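What Swiss-Prot says about this one:
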- His43: active site, proton donor (ACT_SITE)
- 36-43, 178-181, 215-218: ATP binding site (BINDING)
- Gln71, Gln184: (R)-pantoate binding site (BINDING)
- Gln71: beta-alanine binding site (BINDING)
Amino acid sequence: MAAPREPEVIRDKAAMRAWSRRRRAEGKTVAVVPTMGYLHQGHLSLISAAAAAASADPVAIVVTIYVNPSQFAPSEDLATYPSDFAGDLRKLASTGVVDAVFNPPDLYVRGAGRRGAASGGAISCLEEAAGDGHETWVRVERLEKGMCGASRPVFFRGVATIVSKLFNIIEPDVAVFGKKDYQQWRVICRMVRDLDFAIEIIGSEIVREADGLAMSSRNVHLSREEREKALSISRSLVDARTGALKGNTDCKQIKNKIVQTLTETGGQVDYVEIVEQESLVPVEQIDGPVVICVAAWFGKVRLIDNIEIDTRS
């Protein structure tokens, strides 16, 4: 285990780009772990994946901490998203492997014009607050539809845009994303492929609490009772995988069972979908690599989780 050390905090875009270029000139692989802060063990596992990403070359690890307003709709929880920058720095220092933290005050041009919808007709917290200052958006047209994209129409547009901006600023060789946000991971993979970013995207496995709850910064908002009820998500996913591996591969039956379980435990289901792992195309029968994706509300907290299944293995 590496000895604890303080990472350098960088807030300026030009300084961040220059830092990365110096590290690359030194023969290092630059790896980035994008986060919105309020770090937990799941985030630290992404850092471990970044540290292991370059076996041949030394690696310089950048963690970004930036709560991106363009991926939140005005009705969503931007204002209450948890934050503890000092605590985050302590956690990052404890790993001993993080070289820099990119924590910009803002990454968007702020306009003073009228409020209005940008391309696609969707309005985010950014547009509501800043008018038409920012006008350029990155969209992954098909993969952003359905699942989280159905109930959060600005989300993936905001994610793809901010990640593109971070990639252009940091110029990493490697970027690590958690597979808990499965659709987001696939959207980023497709964006990198389609736009010819010379970046390796690593998907890191879900990290769970001892009782199975997927780690999330939003878990802090759950009451004790809500948290106990929320365990029905991971338990229903494990049951579904167990059943599928035993031959229960009818997707309609599987989805209905998960919805029933979550509803009976007090959850409000946003969606349950079974899709091909790479294309995210819904399937009716499990006969290859699929992922079951779930989003549900417990109290005022929206939680997502998923489980990969391959009945061929």
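In case you wondered, yes, glycine gets a Cβ from its N, Cα and C as well.
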Spatial neighbour of Met215 (ATP binding site) that is closest, considering only the recorded positions His43, Gln71, Gln184 and their CA atoms: His43
Pairwise Cα distance for His40 (ATP binding site)/Gln184 ((R)-pantoate binding site) [Å, integer]: 19
Gln184 ((R)-pantoate binding site) to His43 (active site, proton donor) - Cα separation in whole Å: 15
Neighbour-count leader, CB within 10 A, binding-site residues: Met36, Tyr38, Gln71, Met215, Ser217: Gln71
Listed binding-site residues (Gly42, Gly178), ranked by Cβ neighbours within 10 Å, top entry: Gly178
The one of His40, His43, Lys180 whose CB sees the fewest other CB atoms within 10 Å, among these recorded positions: His40
Pairwise CA distance, Gly42 (ATP binding site) versus Gln71 ((R)-pantoate binding site), rounded so that it is a whole Å: 21
Whole-number Å value for how far Ser217 (ATP binding site) lies from Gln71 ((R)-pantoate binding site) (Cα to Cα): 16
Assigned conformation of Lys180 (ATP binding site) - DSSP reduced to three states: coil
